[in-house]
Amino acid sequence: MAAAAAAPGGGGGEPRGTAGVVPVVPGEVEVVKGQPFDVGPRYTQLQYIGEGAYGMVSSAYDHVRKTRVAIKKISPFEHQTYCQRTLREIQILLRFRHENVIGIRDILRAPTLEAMRDVYIVQDLMETDLYKLLKSQQLSNDHICYFLYQILRGLKYIHSANVLHRDLKPSNLLINTTCDLKICDFGLARIADPEHDHTGFLTEYVATRWYRAPEIMLNSKGYTKSIDIWSVGCILAEMLSNRPIFPGKHYLDQLNHILGILGSPSQEDLNCIINMKARNYLQSLPSKTKVAWAKLFPKSDSKALDLLDRMLTFNPNKRITVEEALAHPYLEQYYDPTDEPVAEEPFTFDMELDDLPKERLKELIFQETARFQPGAPEGP
């Protein structure tokens, strides 16, 4: 769910926690836009933020931490795909610890599997997201540089855990009033495994088309961490111009947008496309010349454009890595390899989730959230 923990439009006027707040009567359930939020008595004073395909987000006052938080109500149990995405996000975020990745503060749900209809995920409240920010203003070069650095800093951690995010886009980058940025929405994340063609990988792959790397559309397997770098390149281009760089209307239109700017791929680049049908299609297209980045972004920093060029490289094997991007001259004022933490160990899913029925996924969600239940032993 895009921008899950983000409040719209800079969060203006949102009441902050104050002493003497009167909690709701125990047992009383607050309702937000017709949706009951069974999160009291710890969380009260709910205010609507937004909603996605399978849930709603509200802000609330946390009486324990004495601050406002975001609560995502998820009702996924009717659909296998929603269960899968919910479980994957919970599994990853409970194990990740990084300043530029949204964390989970608390999870509320019914005490029994049979009674569990919804899951409430409590996260830090972030006032806006990059999508909303770009709709409302043109960013300065300093802001672009700082946001890009934080995206890459978070992505370095994610990739060090051997995870692909697979759905990086402006609405999945949460921002607060002090310009701190956190990556959210890990529902499409996967273990990086270039040899494995995940069951249902392409059919289930619904990441926003505009930020998809060309190899996702051209190959049937073997994705690497470079797909996330492509998405970050698209985000950088959007920060420079306030508009998406490759706004394709459908699959082929998306490819045509990419080739219209990058030019026709070289023979060497074509050779890395496994899918012969896709390779033949590209070879059948009229030759296109690369458009100079400075022509597309005449007012932009030349170092930013050099980094953009290295991210938006057609051949994934030649695309810059996250570590190389962090060390690029454009980011030199922030670059500090001693303050860019990596995961303690690679992340592993105990099992491939794609083929599990929703009933089994519900059981796994119930187990995964048990540590937050009253009386549960302290989790890691």
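Glycine residues also receive a Cβ, built from the backbone N, Cα and C atoms like all the rest.
Record features (Swiss-Prot):
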type	residues	note
ACT_SITE	Asp167	active site, proton acceptor
BINDING	Ile49, Gly50, Glu51, Gly52, Ala53, Tyr54, Gly55, Met56, Val57, Lys72	ATP binding site
DOMAIN	43-331	domain 'Protein kinase'
MOD_RES	Ala2	N-acetylalanine
MOD_RES	Thr199	phosphothreonine
MOD_RES	Thr203	phosphothreonine
MOD_RES	Tyr205	phosphotyrosine
MOD_RES	Thr208	phosphothreonine
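The two recorded residues, Thr208 (phosphothreonine) and Gly55 (ATP binding site), show a Cα separation of 19 Å. Cβ neighbour count for Thr208 (phosphothreonine) (all protein chains, 10 Å cutoff from its Cβ): 16.
In the predicted model, residues of the domain 'Protein kinase' (43-331) average a pLDDT of 92. Highest Cβ count within 10 Å among the recorded positions Glu51, Asp167: Asp167. DSSP assigns Thr208 (phosphothreonine) to coil in the three-state reduction, outside any helix or strand.
Every protein chain considered, the tally of other Cβ atoms within 10 Å of the Cβ of Gly55 (ATP binding site) stands at 21. Other C-beta atoms found within 10 angstroms of the C-beta of Val57 (ATP binding site) number 24, with every protein chain shown included.
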